[in-house]
Protein chains: 4
Amino acid sequence: MAKSKFEYVRNFEADDTCLRNCYIVVRLDGRNFHKFAEQHKFTKPNDNRALGLLTRSARSVMEELEDVVIAYGQSDEFSFVFKRTTHWFKRRASKFMTHVASQFSSSYVFYWKEFFGDQPLLYPPGFDGRVVLYPTNRNLRDYLSWRQADCHINNLYNTVFWTLVQKGGLTTVQAEERLKGTLAADKNEILFSEFDINYNKESLLHRKGTTLIWEKIDESVTKRMKIPNEEEKDVIVTRSKKTVQAHHCDIIGDQFWEDHPGILEADS
Amino acid sequence: MAKSKFEYVRNFEADDTCLRNCYIVVRLDGRNFHKFAEQHKFTKPNDNRALGLLTRSARSVMEELEDVVIAYGQSDEFSFVFKRTTHWFKRRASKFMTHVASQFSSSYVFYWKEFFGDQPLLYPPGFDGRVVLYPTNRNLRDYLSWRQADCHINNLYNTVFWTLVQKGGLTTVQAEERLKGTLAADKNEILFSEFDINYNKESLLHRKGTTLIWEKIDESVTKRMKIPNEEEKDVIVTRSKKTVQAHHCDIIGDQFWEDHPGILEADS
Amino acid sequence: MAKSKFEYVRNFEADDTCLRNCYIVVRLDGRNFHKFAEQHKFTKPNDNRALGLLTRSARSVMEELEDVVIAYGQSDEFSFVFKRTTHWFKRRASKFMTHVASQFSSSYVFYWKEFFGDQPLLYPPGFDGRVVLYPTNRNLRDYLSWRQADCHINNLYNTVFWTLVQKGGLTTVQAEERLKGTLAADKNEILFSEFDINYNKESLLHRKGTTLIWEKIDESVTKRMKIPNEEEKDVIVTRSKKTVQAHHCDIIGDQFWEDHPGILEADS
Amino acid sequence: MAKSKFEYVRNFEADDTCLRNCYIVVRLDGRNFHKFAEQHKFTKPNDNRALGLLTRSARSVMEELEDVVIAYGQSDEFSFVFKRTTHWFKRRASKFMTHVASQFSSSYVFYWKEFFGDQPLLYPPGFDGRVVLYPTNRNLRDYLSWRQADCHINNLYNTVFWTLVQKGGLTTVQAEERLKGTLAADKNEILFSEFDINYNKESLLHRKGTTLIWEKIDESVTKRMKIPNEEEKDVIVTRSKKTVQAHHCDIIGDQFWEDHPGILEADS
């Protein structure tokens with residue numbers, strides 16, 4: 001194809017290859033989701049439709065893009081971890097973050113109806129993304145722990161806050177005032193003594209967020225088969241298939257990682 | 001809010017500030033759009049519904065994000081030029097490219113119905129993006145010229161190719177064979193002598209692509225007003241409003257830029 | 001040559017190509033030069049031997065490396081400006097800054113004797129460097145103006161400070177106290193009224209720093225020549241030669257740049 | 001201090017912080033050292049004076065800069081490994097590479113006389129540098145192995161080549177021709193059968209290069225002490241001191257690393 005004299009502008013593109021042998025993490029955050037949640041009447045403190053849609057979109061990212069080994073989401077954010085040895089798009093950071101942001105965003109609109117039914121989506125939502133590299137398994141696990149600790153801190157706060165408002169009859173200003181300076185123990189105590197709520201029995205989805213990983217599951221399929229010298233007949237075939245599975249559990253401790261040893265590669 | 005011991009992982013995030021006083025260009029490209037076009041039965045060589053949706057999504061990007069001074073699109077790609085002095089998100093490259101990719105992608109699904117009516121969108125589409133910096137007006141104009149020259153080259157090829165197939169009865173393999181090694185003049189000649197088509201009279205939208213810029217337009221609004229000592233009455237108010245306008249014209253030569261002197265800032 | 005299984009480690013090297021069409025500036029700063037100056041008994045406020053050696057080393061950088069179009073130095077720093085279109089070492093930032101730092105440092109030791117005679121260099125000095133890009137001529141000139149303004153501010157301060165100490169009999173603590181909060185005008189006034197010194201007549205080298213540029217100078221060389229049918233004889237040949245010339249003048253205003261139009265390339 | 005209107009140019013400086021928890025390696029290479037070696041009559045295939053000066057300069061880098069845990073050199077190159085958790089100069093890549101290049105270069109000229117005596121240094125030599133990050137101990141060791149394998153390959157070649165020339169009477173062109181396509185075993189065989197040289201008994205310095213590490217050594221110092229109720233007397237005090245020690249041994253296998261367990265930090 002004929003080259004134009006303008007072709008030289010291609011050389012202004014910078015190389016943004018990610019350092020080899022590091023986990024590539026892309027984290028997405030909702031843009032102005034506080035306002036988005038209000039306009040779409042999300043229930044407080046958590047809206048299960050919104051969380052479901054968030055997870056559905058994240059699943060779409062894992063299934064459509066390559067080499068995501070684990071993803072973790074809560075509130076209006078989702079983090080995607082690509083395996084440390086991935087060579088997808090030559091490890092170019094821009095490819096990773098824009099593909100994730102794009103696939104997630106189009107999926108969010110595409111699957112809206114599945115979660116919100118007839119309630120209309122008022123405008124196309126936005127998500128921003130970033131790439132962060134982690135050189136060791138410890139660093140990566142600490143990153144995921146940081147996000148899950150953040151989930152815990154925010155959810156505890158929001159749970160007490162909205163309980164004070166919804167059941168305690170406080171205004172939002174009063175609830176905010178009431179919680180100023182309180183520690184986790186204080187918040188647990190308010191829930192328990194004033195509202196008879198044991199925070200540790202609240203929904204795991206809300207307390208732990210959502211972890212997506214690839215897992216093999218056995219699938220039984222009925223196939224019509226013709227075996228030589230026999231009549232054609234139905235045979236039940238069991239096959240193993242890798243699918244994205246959601247977990248709502250602690251990922252800070254070692255248990256989860258011991259139960260799923262295939263997620264991380266050794267530091268070597 | 002309590003900080004966890006995992007907070008240190010934030011320091012692994014790299015700074016990706018764009019060099020000051022350079023135009024920041026984000027270009028999006030459709031992911032596997034060849035297949036997407038086939039599955040959604042795009043007409044050949046150009047599908048006006050698809051081009052309309054592309055432009056509608058680009059308009060959404062310009063209206064929702066800040067400081068885009070011009071955007072140019074064709075085929076399955078769109079480039080967005082941010083003003084050289086923008087301080088949006090501290091000029092962080094990741095913010096620019098992911099916001100554009102996200103807003104464009106969610107808009108593409110959101111506005112699908114407006115252009116494709118009852119024809120369903122089969123799956124959420126993806127777009128990847130990149131950031132490129134241009135230090136001078138000349139470099140920026142050469143970038144846009146490069147994309148428009150690309151539009152011209154591809155559209156001329158596609159026009160002849162599909163004319164040979166659709167009107168000339170050739171198979172796609174024969175059409176490809178026929179065009180091997182032909183220059184622009186040869187292609188024009190095939191169209192003219194064999195199919196009585198003057199390429200230069202073909203649609204500007206297809207030949208020149210779509211350029212979006214901000215323009216002031218006068219808007220007349222009827223307002224019910226009450227002036228002291230007079231009866232309330234309808235008054236027609238004319239006000240100037242900045243809106244995104246589409247152009248399908250040459251942007252390689254000087255004319256367009258002389259007609260719209262406000263787009264570029266001087267090299268200083 | 002046989003490749004080892006360790007070769008893969010090369011891929012960990014990051015690309016650090018400088019954006020095209022921008023001036024590449026490398027600035028060096030002396031490491032712990034306050035202490036170095038004391039240990040080598042530099043005269044205060046300026047030591048002409050040290051400034052001479054600094055300039056000699058900078059000249060070595062310009063002569064040995066490619067595409068430096070102008071360099072500016074003062075105190076213990078020197079900035080080197082590479083032409084915006086340079087392709088030296090594929091514009092890799094690391095090559096620019098380490099070559100400059102290395103050549104400057106080895107030259108500083110190599111030429112020490114020429115400026116300090118028998119006074120020994122006590123240990124090998126260090127300089128650190130950085131690369132900064134400037135997209136336009138205005139930005140580049142503002143960078144150089146920034147450094148020259150810095151030279152002026154520091155030299156005025158140091159001149160008054162050391163005059164108060166050396167001629168006024170103040171201790172360094174008293175001189176510092178005396179100058180706290182004074183403006184440029186105040187400092188000029190102290191020099192003039194108390195010590196009969198007109199700052200504007202002080203050495204240009206100290207007030208303006210040193211600017212190095214390439215200039216053509218005519219050189220007369222005597223050559224022994226043999227012209228056909230004549231006797232061999234001495235002929236004086238004048239030839240033009242590009243050499244590095246030092247200037248101690250204002251580079252903030254336009255005059256210098258109008259006098260040397262070849263230094264900068266147009267913004268295009 | 002007064003700020004000038006030019007100060008804005010500081011914002012054009014890019015952040016070049018090295019990713020946390022990775023080893024920072026700076027490698028220096030001599031500039032045009034083939035020519036430098038010829039002009040300074042380096043003996044072939046190895047010049048012990050030149051190697052000594054190289055190592056002396058590297059030692060200066062280790063002693064003057066912070067956090068270098070190991071350095072490895074051969075021929076005209078030297079690699080410096082900073083500990084993975086270093087916070088020297090906020091991990092800015094430019095600081096690391098320019099400080100190393102500068103300190104090494106000034107030291108090379110400064111210590112020249114110690115190794116070359118009265119033979120004059122003809123001009124100030126140059127070294128370029130680069131920064132490479134390694135996320136794991138395995139990657140770092142593979143990097144060092146790569147350099148030592150390179151040392152072996154080059155030294156074997158050079159040893160045979162110069163033996164063929166110096167003892168075998170071949171021209172350099174003939175020697176080159178003779179070695180074309182030979183494997184390591186062939187080269188060993190030439191040395192052994194034709195020149196009675198057992199390559200494995202050649203100097204370890206030449207075959208293995210030089211590894212510098214920090215080691216504690218006991219130092220005995222005589223101090224004049226006054227103990228209460230006793231006469232003043234000389235006391236021999238033994239104290240432990242960290243100094244840079246040179247090794248010429250294999251660093252590809254595990255032995256060296258087991259013998260010096262303090263060099264690397266665990267991957268965590």
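Heads up, the Cβ atoms here are built off N, Cα and C, so glycines get one too.
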TrEMBL Mg(2+) 1 site partner of A:Asp29, A:Gly30, selected from A:Asp67, A:Asp76, A:Asp118 | A:Asp76
Chain B sits near which of the binding-site residues A:Gly30, A:Arg31, A:Asn32, counting only a Cβ gap under 8 Å?
-> A:Arg31
Does anything in the same chain, at least 6 positions from A:Ser75 (GTP binding site), have a Cβ under 8 Å from its Cβ, and if so what?
-> A:Cys151, A:Asn154
Please report the DSSP secondary structure of A:Phe33 (GTP binding site), reduced to three states.
-> helix
Measuring CB to CB from A:Asp76 (Mg(2+) 2 binding site), give everything in the same chain under 8 Å that is also at least six residues away in sequence.
-> A:Asp29, A:Gly30, A:Phe33, A:Phe36, A:Ala37, A:Ala50, A:Leu54
According to DSSP, how is the domain 'tRNAHis guanylyltransferase catalytic' (A:6-135) divided among helix, strand and coil residues?
-> 57 helix, 31 strand, 42 coil
So how many other Cβ atoms are close to A:Phe33 (GTP binding site), meaning within 10 Å of its Cβ?
-> 18
GTP site, defined by A:Asp29, A:Gly30, A:Arg31, A:Asn32, A:Phe33, A:His34, A:Ser75, A:Asp76: further same-chain residues with Cβ within 8 Å of the Cβ centre = A:Phe36, A:Ala37, A:Glu77, A:Phe127
Greatest C-beta neighbour count within 10 angstroms, which of the binding-site residues A:Arg31, A:His34 = A:Arg31
Which is it, of A:Asp29, A:Gly30, A:Asn32: the one of these binding-site residues whose Cβ has the most other Cβ atoms within 10 Å?
-> A:Gly30
Sort the residues of the domain 'Thg1 C-terminal' (A:138-253) into helix, strand and coil with DSSP and give the three counts.
-> 57 helix, 31 strand, 28 coil
